[in-house]
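These come from TrEMBL:
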- B:12-39: transmembrane segment (TRANSMEM)
- B:59-82: transmembrane segment (TRANSMEM)
- B:91-112: transmembrane segment (TRANSMEM)
- B:124-157: transmembrane segment (TRANSMEM)
- B:177-210: transmembrane segment (TRANSMEM)
- B:222-249: transmembrane segment (TRANSMEM)
- B:256-275: transmembrane segment (TRANSMEM)
Amino acid sequence: MNHDKTQPFLMTGRRRLLGVAAGAATASTLAMPHIARAAEPIRIGLLQAKEGSIAVQAQYLQQGTFLALEQLNNELLGRPAEIVWDDEPSAQGAGQNALQLIQQNKVVALLGGSLSSDALAEEAVAGQHKIPFVINNAAAEEITGAKCNPYTFRLQPPVPVQAAAMLPYLQSIGKRWYFITSSYAFGQDIASSFKKLLAGIGGTVVGDDSVPLGSSDFSSYILKIREAKPDLIIGGLTSADLSNFLKQWKQFGMSDKIPFTEIAVGDTDLWAVGKDNVAGTYTTLWYYKDPNNSPSDKAFAAAYQAKYNRPAADKAWMGWYSAKILFQAINAAGSTKPDAIVEALQNWHEEDGGITVHFDKWNNQLVHRFLVVGVKKHIPDNWNYFDVLRSIPENNEAAEKAFGTAADSACHMTPL
Amino acid sequence: MLDMMIMQAGNGLALGFLYVLIALGLSIIFGLLGIVNFAHGVFFALGAYFSLTLFNLMGWWGIPLALVIVCVIGMITEVLLIRRLYDKEPLISLVVTFGLALLAEAVIRAIWGPQGQPFSAPAWLNGVIIMGPFIIASYRVAIMVCAIVILFGFWMFMNFTPFGRVLRAGSRDPQMVQLLGINLPHVLTGTFGLGCLLAAIAGFLAAPIWTVAPTMGTNAIMPAFVVVTIGGLGSYAGAIVAGLAVGLVQSLTIQFLPEASTAAMYMLMAVVLLLRPRGLFGEQWERFE
C-alpha cells in the first residue's frame, strides 16, 4: 500500500480517538430504541421499521401511535406512560427486538408489525412470553389464522376478507387475471386468496409473477403483462415497490389500457406516485376524506393535520387506532397484567359505521369496516386521490359473514 | 417466445445503461481514489431530491443547479471526511462511508420526510416506442441517449483534457504527480466531486421511474457494487460492459424465473469472480496488491 499521497492528511492520535468515539456514539444512538421519556413509567413497546421500503408506512404508523398517547397526556392508569420504539430490520431482527423490548425494557404490551413477515416473528415472541400484542398493519391471513395465539390481536382485515369484498368489482371487469405480487407472506397470501376467488367464478390465471421485495424496476414485468393481455391485474406489491410499479406502468402507457387493483394499500404509496400517474381500484382501511368517518376519527384527522401540517394517511390512523384500543383496554383492565389486558381487549368494543367494532374471540381479529376506493378522474390536490366506492361490511350481519366464524377459521386458540 | 426474449433483451440493455451511470461514479472513486464508497447511493438520492426540489421552484433550469449542488456537497465531504481515509485499508473506508450513508439517509428523511415524492417525466416521454420486436418506454430511450452522451463525454474528458490526464496519472503514481508541482489534494477533491456528479445525474434520470424516497440510494447501491465488481474495480470499460450485462441478465431472468431476478445478478457476479477474480476488465494495481 502506498502511503505517500495521503501523508499530509494523517490524523493525530487524539483526533483519531475523538473520531472513533464520535462514530461509536452516533452508531449507538442509531441502534438504540427511541425512548420518549426517561422516568419509571408504564412502557409500551412499538415495533415499526425504521429503514427499508416499508419505513415510509412505518413512519406514519409510528406518528399515529405517539399521537394516541399524547392525547392521553402520556398517562395510563393515572401513571406516566411512554412508548419505546424499536426497529424491524428483518423478520429475525424484528423477533429479537420484540424479545429485547419484553426482557430489557419491561414493556407491558407491544404494538407494531409493519410487514406480515415481521409481524409473524413478533407474534411468536409475544405468544411465547405472554405479552399482549396489537398488530397495526400486517394483513397476512395466518396471523389470526394458523399462527394465532391468545395474546396477539390484529387491526387490518385479513387478505381473504378484503379480497372477497373486491370480487363484485373485479368480476364485472373480466375473468382473465394477471398476478404480480411480492415474494413474501402478504404477496403470497394475496395471490392464493384471489386465485381461489378466480377459480370460483371460472376465470383464468394468465400470468403469475412473484417479485423480490424491494424491486426498483418493473419494466420487464410490464412487458410480460402487455404480452399476456389480461383483463385485469391483481397487485400484491408493498410500499415503494407499488409506487415504482405504478410510475413505470404509466410510462409504458398501460394505465388506461388494463385496470390495476390491489388490497390494503397505503395512501403514502400512491401519493408517492403522483397524481398524474396513479390509477386503479383499491381497498383501504380508512380514508381521511371519507364522509362517514366517526367524530373521534375526524378529531384525530384534525389533530394530525395540526401537528404535521398534512392530511392523516391511513397508516397514521391505523397506528393511532391500534394504540387507542390498547390504551383503552389497559385503562379498562385497571392493571398492566398481561392476562387482564388480553381480557379487556377481548371485551373492548365501540359503534362505528353501523357495526359493532370488536375483536372476534376465536382469533382476536378486529371486525371493522373498510373501504373500496377508486382513484378520482380529476385529482384536486396532492392528497385527495380517492372516491369512496363502498364501505364494507354495512352491518353486523354482513360483518359476521365477511369475517367468518370460528368454524371457518384455521385458528385454534389455546387458553391463556 | 423468441420475440419476447428479444424484447426483454432490449429492455435489459436500457436498464443496464442506468446501472452503468450509477456505477460509473462509484468505479471512478474507487479506481482513482481507492475509496470503497458505500455512500455513493446517498449522492444518487440527493441528485433526485435536489432535482425535484429545484424543479418545483425553478422548472427545468433548476436541474443543472441541483446537480452542481450535489457535486459541491461531494467535494465538501471529501475535504471533511474522505481524504482522511486515503491511507487506510479499503475496509475502513467501506465502514466509514456506510456510516455516512446511514446518517445521510436520516438527514434526507428529516428534511424531505419519509414519504415518497412524486416526480414525473415530461408528458411527451410517456408511452412506448415500437421497432419490430422491440418495445421500449420512450423515457428509457431518453435515459439511454443521455447515458451514451455522458459516457462519451467522460471518455473524452479523461483522455483528452489535462485534468483527465492528471487524474489518471495521480491514481497510479501520486508521488510523481506531486513532484511535478500539481496540487494533488485539489485534484482528488475534484475527482470525488466528479463521481458524486455522475451519481447525481443518475439520480435525476432515475427519479421519474423510481420513487424518490429516502431509501432509493440504498436500493441503487447494491446493483452498482455488483456492476463495479463484475466489471473490475476502477475499470471504465468494465463498468459499461458489466452494467449492460446485469441489466440483460435481470430482464431475461424476470421472463423465466421472476423470483430469482435479484439473485441472478449476484449469481453472475459469483461466476465472473470464480473465473476472473479481478472482474472482467480488472487490472493489477500496485496500490491494492
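Heads up, the Cβ atoms here are built off N, Cα and C, so glycines get one too.
Keep in mind that what you see is a predicted model, and the values were worked out from it rather than measured.
Residues 34-42, 45-46, 49, 53, 77, 81-82, 85, 214-215, 217-218, 221 of the same chain lie 6+ residues outside the transmembrane segment (B:91-112) yet bring a C-beta within less than 8 angstroms of a C-beta in it. Away from its own ends, the transmembrane segment (B:12-39) comes close to residues 77, 82, 85-86, 90-91, 93-94, 97-98, 100-101, 104, 136-137, 140-141, 143-144, 146-148, 150-151, 154, 167-168, 170-171, 188, 191-192, 194-199, 201-202, 205-206, 220-221, 223-225, 227-228, 231, 233-236, 238-240, 242-252, 287-288 of its chain (Cβ-Cβ under 8 Å, at least six residues beyond either end). Long-range contacts of the transmembrane segment (B:222-249) within the same chain: residues 9, 12-24, 26-28, 30-32, 40-41, 151, 154-155, 158, 171, 264-266, 268-269, 272-273, 278-283, 285, 288, each at least 6 residues beyond the stretch ends and with a Cβ under 8 Å from a Cβ of the stretch.
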